[in-house]
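TrEMBL has this to say about the protein:
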COMPBIAS  119-135  compositional bias 'Basic and acidic residues'
REGION    119-142  region 'Disordered'
Amino acid sequence: MPAPGTVPDQVRAEARHAIRTHPGVVPLPPTFVVVEVDGDSWSPITGGDDPGDARERPARHFTGSLPRLREFQGDPAGPGALAEWTALSKEIKVSSGHRILVRGREFRTVRVSRMMRLGRDGPEGLRPCDEEHHGLTGAAEA
């Protein structure tokens with residue numbers, strides 16, 4: 001249950017409802033995410049199915065995904081940004097461990113625990129706040 005004040009009241013109410021209607025909890029395999037640490041904030045960069053997989057992906061993020069994303073957004077990276085990202089990628093590749101410090105930036109591999117709620121009618125479906133957040137309008141038409 002989310003602590004009071006950490007999420008909107010609607011989200012807490014829906015979580016409370018889910019605990020009653022879907023009391024069963026099935027642990028799912030963890031996933032691993034690489035985050036960039038910036039002061040008190042953590043921003044997800046990329047991830048993987050195991051720590052090693054997650055550890056290898058940040059280098060590819062800076063030389064593959066990020067330049068393509070910027071092009072897709074209509075804001076292609078300039079030569080300076082591309083050179084910086086290439087240098088970051090090279091330094092990440094030669095670093096070791098799951099806490100990476102390169103060019104004044106810090107990246108860490110973190111474990112994300114997942115679970116699924118079950119009730120008499122099966123697994124929990126989307127909550128109203130999920131539908132609102134993702135712009136969904138209810139059940140799909142066949």
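Using N, Cα and C of the backbone, Cβ positions are placed for all residues, glycine too.
As the structure is a computational prediction, the values presented were derived from the model and not from experiment.
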Other parts of the chain folded back onto the compositional bias 'Basic and acidic residues' (119-135), taken as Cβ under 8 Å at six or more residues beyond its ends: 8, 10-11, 14, 18, 21-24
The compositional bias 'Basic and acidic residues' (119-135), counted residue by residue under DSSP: helix, strand, coil: 6 helix, 3 strand, 8 coil
